[in-house]
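The [4Fe-4S] cluster 1 binding site feature in Swiss-Prot is assigned to C67, C72, C78, S306. Per Swiss-Prot, domain 'Radical SAM core' is recorded for 79-295, and the stated evidence type is sequence analysis. Residues or ranges marked as [4Fe-4S] cluster 2 binding site in Swiss-Prot: C93, C97, C100.
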Amino acid sequence: MRTKNSKIINSEQDIFRNKVIPIKFLSNYNNEILKKPQWMKIKFPVSTNKIKNLTLILRQHNLNTVCEQALCPNLAECFNRGTATFMILGSICTRRCPFCAVSHGKPSLVNKNEPQQLARVIFDMKINYVVITSVVRDDLKDRGAQHFSNCIQEIRNKNNVKIEILVPDFRGMMRESCKIISMNPPNVFNHNLENVPRLYKLIRPGASYIRSLKLLEFFKKLNPNVPTKSGLILGLGETYKEIVHVINDLLDHGVTILTIGQYLQPSSKHFPVQKYITPDEFKKIKNYALSIGFKKVFCGPLIRSSYHAEKYFE
C-alpha cells in the first residue's frame, strides 16, 4: 500500500534547521559500544601499491570518493581492484546525520571543471562501470542536479562506460531535479532510504521517508527503462517487521535493485550500533526480497550501496 505524500517545508528554513541540529542519543537506545562479531572482521590486501596509486590519482585531479569520506569498510578491497565511488559537489554536506561520517557545515563553491576532471580520470583508469554520488547540497537552487547531468554527459563524451548515480533527495526541487537528470539519464538511478521511517527523525534529520519514495517513483516514471535502486543500513534499532515494510514500499514504488548492509559506527561521536545483524538474518531478508519480485538483492554484513555495483549487468 502506498503512502500519502507529505508537505515539503520551505528550503531556507530547512537549511537553517539542519545547521543547528545537535547529534544526541536518546535514553531508550543503547549507548554502549558493542563488540564486533567475527563475521565483521575485514581482510586487508597484502599489497597496498594499487591503493596508494589510486589515492595519488584522486588527489592529483582534486577528486573525492565516498569510500574515503564515509569511511567505507570495503575501501581497501575496492581501491585494490582499481574501483571507487566518486563523490562530486565537494566533501562538505549541508546536513548532519548522526550515522554518517561525511563532514558537514558550509560547503565550498561548485568546481565547474569537475565533470571534465572526472571523465579524464575514468578514461585513464579504464573503468567500465562508474558510480557517482554527492554530498547533500541544499544550498544550491537545483540541489546539484545540473552538475550530475554535466558529469554524465562529459563521461559519455569520453568513455564507453555504464554510469550509476547515487543521489540525495533534492529536497524541495525533486521533480525539477529529476527532469534535469533525465536529459542525460544514467544506466542505474540510486537513492538510499537508509532505514525505517520510525527512525528518520533520529538518524536522518531533514529527510523524509515519503519524499524519498516519491523521488524514486517519479524518476522511474520519467525513465521507465532505467533501473532504480535503493539501500538500507541495519543495526540502528529497526525491527524485522519494519524492514519488510520498507522492502514492500520500495517494490511498490518501482525499485528493482536492493542493497542491505550492517551499520558501523564511524566514531564515538556518532550514533552507536544497536545490534549486529547475523549472516543468517541477512539471508532471510534477502530471500524475502527476492521472493516478492526484486531482480537483484545484495544483502550482507559488509554490503554497501555501490559495492560490486557492476554485477547488476552480469
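Here the Cβ of each residue, glycine as well, is placed from N, Cα and C on the backbone.
Values in this document were obtained by computation on a predicted structure and should not be read as measured data.
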*Just the number: how many Å between the Cα atoms of S306 ([4Fe-4S] cluster 1 binding site) and C100 ([4Fe-4S] cluster 2 binding site)?*
16
*If you count Cβ atoms within 10 Å of the Cβ of C93 ([4Fe-4S] cluster 2 binding site), leaving out that atom itself, what do you get?*
23
*Across all chains shown, how many C-beta atoms besides its own are within 10 angstroms of the C-beta of C97 ([4Fe-4S] cluster 2 binding site)?*
22
*What does DSSP say about C93 ([4Fe-4S] cluster 2 binding site): helix, strand or coil?*
strand
*Check the domain 'Radical SAM core' (79-295) for me and report the mean pLDDT.*
92
*Pick the one among the binding-site residues C100, S306 whose Cβ has the fewest other Cβ atoms within 10 Å in this structure.*
C100
*asked:* Beyond the listed site residues C93, C97, C100, identify every same-chain residue whose Cβ lies within 8 Å of the center of their Cβ atoms for the [4Fe-4S] cluster 2 site.
replied: R95, R96, F99, A101, V102, H104, V135, V136
